[in-house]
Amino acid sequence: MKDGMWLRDNHTLDHTLDIWMKDDIWLRDNHTLDLALDIWIRDDCLGKTWPTNLDDGGGDDDDDENDDDDDMLYFQSLPVVVFFSAVISILYYIGFMQYVVKGMAWLMQITMGTTAIESLASASNIFVSYVEVAPILVPYVQKLTRSELHAILTSGFATVAGSILALYIAFGAPAPHLVSACILSAPAALAMAKLSYPETKKSKTKTQKDVEIPESTERNFIEAAANGAMLAVKLVSGIAACLIAFLGIVGFVNGVLAWLGAMVGIQNLNFKMICSYLLWPFAILMGVEVKDAKAVAGMLGWKIFVDEVLCYRDLGHAVNAGELDNRSAVIATYACCGFGSLGAMGVALGAMLAITPPNRRSVITQLVVRALINGNIAAFMTACVAGLLYQGDDIVYASINETSFMDMSPVSTEPASPNVL
């Protein structure tokens, strides 16, 4: 008590409870209470280790450089989202984005035979998130067929917003391949959606005359930039909040898994390790090198079950450290593209239900899981094609530690020699 050792380390209380629980006949067989006290007192998961879960949620406890990168996220990477959101808002104000979106929608419509509203939503998702696409759909939701709703949801899960691309690039993901992944995933999502849920009814939004993009309501450049920045504040705060929540939860789960694994002789068991084994066949089928398959499979686990930001964070770390073969890094870039996580499904569901009439909300809830699966399959399809076409060129990447908000130039084009995982 004099040195505070009893309060700091709980050694005395730990030892006392061990003796009491071993010698007391009533508590000896009470395995539930024994287990609960053992977790709470010995590991103190809800006390001492909870703050560190936010740093160690990624799973690599001995990687101090990764922790430094995560600490810089809020001050260096997330502001890029605000900047690009303001730029996109200005482009909408001058009418440039409407022109580009309509052009891409027209191209997809004549080449793929999709309806105007499907093509428009898919093309819009390349530049903005499905939350921002939702207001465009308000006048047409009541008219849409089930197949069209499914296609719109799928395209949202298979693509990422242009402002979020800047965040992933800041993490170190290969920029050229990331941009092309976002563009190619849009038609891939429509193809996958129609294969999974073919159209059986006559569409009321088949031609471009039936669909219009609303004009910007801002009165000048300053208002457009300000509105774009304010919209990004909600997006950035949402990203930060989700990261805090998911990193904490994953860190807590990793602590419990490590404790359970130690009981059965499995050292360092964590969520990412489980995903690396479960999704290893998918990584191999996409063409990832065998030595990199477990690492890429772990990233796919982040992307599907947790959050896409964590996926690209790990990808950026691996690329900058030279731990992945160039081809494997490119395939992972395409496979991880898209808002295809379980958390993103909740956001998409909330956005769509907010604009859907009450009599059609049950349709959205019935289609959202299928759309999520198809959106991920579409991303995996583009990854397979990228793996087939990749010629072994050097990939350009940027380190988050050596790249500032004002200087997004690549740090290097020669990654270090890959290590065998």
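Backbone N, Cα and C define each Cβ position, glycine as well.
According to TrEMBL:
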TRANSMEM  73-94  transmembrane segment
DOMAIN    76-173  domain 'Nucleoside transporter/FeoB GTPase Gate'
TRANSMEM  106-131  transmembrane segment
TRANSMEM  151-171  transmembrane segment
DOMAIN    177-387  domain 'Concentrative nucleoside transporter C-terminal'
TRANSMEM  238-262  transmembrane segment
TRANSMEM  269-288  transmembrane segment
TRANSMEM  331-355  transmembrane segment
TRANSMEM  367-390  transmembrane segment
> In the predicted model, what is the mean pLDDT computed over the domain 'Nucleoside transporter/FeoB GTPase Gate' (76-173)?
Replying inline: 80
> Are there residues at least 6 beyond the ends of the transmembrane segment (106-131) whose Cβ is under 8 Å from a Cβ of it, and what are they?
Replying inline: 88, 97, 100, 137, 140, 144, 148, 151-153, 155-156, 158-164, 182-183, 186-187, 189-191, 194, 199, 203, 205-208, 210-211, 213, 235, 339, 347-348, 351-352
> Under the DSSP assignment, what numbers of helix, strand and coil residues are found in the domain 'Nucleoside transporter/FeoB GTPase Gate' (76-173)?
Replying inline: 80 helix, 0 strand, 18 coil
